[in-house]
Amino acid sequence: MRVLVPVKRVLDYNVKPRVKADGSGVDLANVKMSMNPFDEIAVEEAIRLKEKGVVTEIVAVSVGEAKCQETLRTALAMGADRAILVQTDDRVEPLGVAKLLAKIVAEEAPELVILGKQAIDDDNNQTGQMLAGLLGWGQGTFASAVEIADGHAKVTREVDGGLETDDLKLPAIVTTDLRLNEPRYASLPNIMKAKSKPMATKTPADYGVDVAPRLTVTNVVEPPRRSAGVKVADVDELVTKLKALGVAK
Amino acid sequence: MKTLVWVEHDGKAVKDATLSAVTAAAKLGEVHLLVAGQGVDGVAAEAAVIAGVGKVHVADDAAYAHGLAENVAPLVAGLMATHDAFVAPATTTAKNIAPRVAALLDVMQVSDILSVEGADSFTRPIYAGNAIATVKTSDKKLVLTVRTTAFDKASPTGGTGSVEKVASTGDAGLSSFAGAEIAKLERPELTSAKVIVSGGRALQSSENFKTLIEPLADKLGAAVGASRAAVDAGYVPNDYQVGQTGKIVAPEVYIAIGISGAIQHLAGMKDSKTIIAINKDEDAPIFQVADIGLVGDLYKIVPELTDKL
Ligand SMILES: Cc1cc2nc3c(=O)[nH]c(=O)nc-3n(C[C@H](O)[C@H](O)[C@H](O)COP(=O)(O)OP(=O)(O)OC[C@H]3O[C@@H](n4cnc5c(N)ncnc54)[C@H](O)[C@@H]3O)c2cc1C
Ligand SMILES: Nc1ncnc2c1ncn2[C@@H]1O[C@H](COP(=O)(O)O)[C@@H](O)[C@H]1O
């Protein structure tokens, strides 16, 4: 079976975001960009399913500017088989991404789409659930374990109270949580090999999807800063402070 | 505007997160609630007396027993024909359901709102809370999730809502509940605790969480939290994780022990009223947000602290 893995290019998780002074957003000029960490976990999960013989082909998809090619090459170097770039310089929201993915699903007929649970730039946590809704498929979100057998996916999910397991009919959507796996690094030979793997470039218009944003970002500011605190010298002083706060008697 | 608020519950009682969503919804207009589940008359009765509530829609059916998004989303989408906004607390249950509803309604969800600036305008955190965006929607219907720490809780009593049954949309036949491991809580819940004691990688084992963190938490009547590193290493279960991708908390007092203070962790706790950090590295980033810091070895400090309280 075929698996589709959408990957987003985002500000690297190690970089501290800087808010632009004019309130227009976060400064992305000359900073390190990487694959969204949850998407690395998604690619890894697809590769493991392929290594188990459950999956036969992994198609990575990214929506965004031309530089998303780099993100797709990373997915290919990890072990994806081919890639599709839906190229646009415009901001595309989760609803637009989900609509594009729904069209690609119609063309590629995967039995599983594995997405990240959340892109760490906009922190939306929407795209997988939206895609499932558009397709009328089951959804296993925030997955910490995935088992595929007999046309079903058993997905263990990280929920507020602990863990929950749902049984989904395939085809289905899975979104990854942190504990699903630990993504591999691409080896140098695989990075070389990835250069010759196929990558198709499309546009939203090719799919006939209107991706015009529904939300306008009118202002972006830094959150209020906490003022500097004090250091206490020892436990006794800390106990005094805790008493003053009223949390200790 | 008529809002439909998702009532978060465990089949028996209304969860506190609901009360914050009610406060957010009340800023938009009339507050109606949706209780979906199986055998939830008790929950509905409790929901009806939340202050400021109008109608409580109750969908009682086995298909809703476990809050499966595949079954619940069509129910909500149907009710949205007569409501203008679906408002849900940002719990894992609602984060699973709301975007599916948004897709069915062809609207863009606004996730994790921090404030209501107008009928179509909201603030929300992006980049792990390192930036706050104001967004304005052009959609006719709203789908919102609410950061519960950003809104006061509505009073759980004093309301006089009417309860109305709604027809089930049935089982979509796409998914089924296969089991759960839900931790039994002997302590306050993380998201509603007044005091939280959190441990990081420096705790080194689940044993040390039990012998160091838990006794301190017990002395303070506190909930126990953790960094991702501590959860990944298996010292504590996943539901202890505080942060960008875990639970968002804002207690009166948050005590971070052996936690470095990565931005992903700070994202989940930096709105706590007072932050206390214990770390042996005086340059640890956690001290940049801590109101009270103690530099030293947790293995010496924590037992002494527990002892002296
Ligand atoms: C996509 C993504 C999402 C993430 N989401 C989250 C999240 O939601 N929550 C989260 O917490 N993290 C999250 N992280 C991980 C985050 O980046 C950090 O790796 C993590 O928070 C580090 O945990 P820590 O502080 O316990 O460990 P470390 O960074 O290893 O810090 C351990 C600290 O303990 C101190 N220490 C060591 N020994 C002692 C001692 N004897 N006494 C006192 N102090 C001692 C050290 O000085 C150090 O400061 C995420 C990362 C990614 C990529
Ligand atoms: N522009 C994009 N291109 C490819 N995949 C995306 C894009 N945006 C979101 N996704 C996928 O959807 C997941 C959730 O993103 P979000 O809903 O934006 O938090 C990500 O982890 C990706 O797997």
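Along the chain as shown, the residues are counted starting at 1.
Cβ atoms here come from the backbone N, Cα and C positions, even for glycine.
Quick look at what TrEMBL annotates:
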type	residues	note
DOMAIN	B:3-181	domain 'Electron transfer flavoprotein alpha/beta-subunit N-terminal'
BINDING	B:ARG201, B:227-228, B:241-245, B:258-265, B:ASN279	FAD binding site
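When secondary structure is read from DSSP and collapsed to three states, B:GLN241 (FAD binding site) falls in the strand class. Highest local Cβ density among the binding-site residues B:ILE259, B:ALA262 belongs to B:ILE259, counted as other Cβ atoms within 10 Å over all protein chains shown. Mean predicted confidence for the domain 'Electron transfer flavoprotein alpha/beta-subunit N-terminal' (B:3-181): the pLDDT average there is 98. Here the binding-site residues are B:GLN241, B:GLN244; the one with the fewest Cβ atoms within 10 Å of its Cβ is B:GLN244.
Counting only same-chain residues six or more apart in sequence, the Cβ atoms lying under 8 angstroms from the Cβ of B:HIS265 (FAD binding site) belong to B:SER227, B:ARG228, B:VAL242, B:GLY243, B:GLN244, B:ALA256, B:ILE259. When the C-beta distance to chain A is held to under 8 angstroms, the binding-site residues B:ARG201, B:GLN244, B:ILE259, B:ALA262, B:HIS265 reduce to B:GLN244, listed in sequence order. Residues within less than 8 Å, Cβ to Cβ, of B:ARG201 (FAD binding site) and separated from it by at least 6 positions along the same chain comprise B:SER227, B:ALA229, B:ALA230, B:ALA233, B:GLY258, B:ILE259, B:SER260.
In the three-state DSSP scheme, B:HIS265 (FAD binding site) falls into the helix class.
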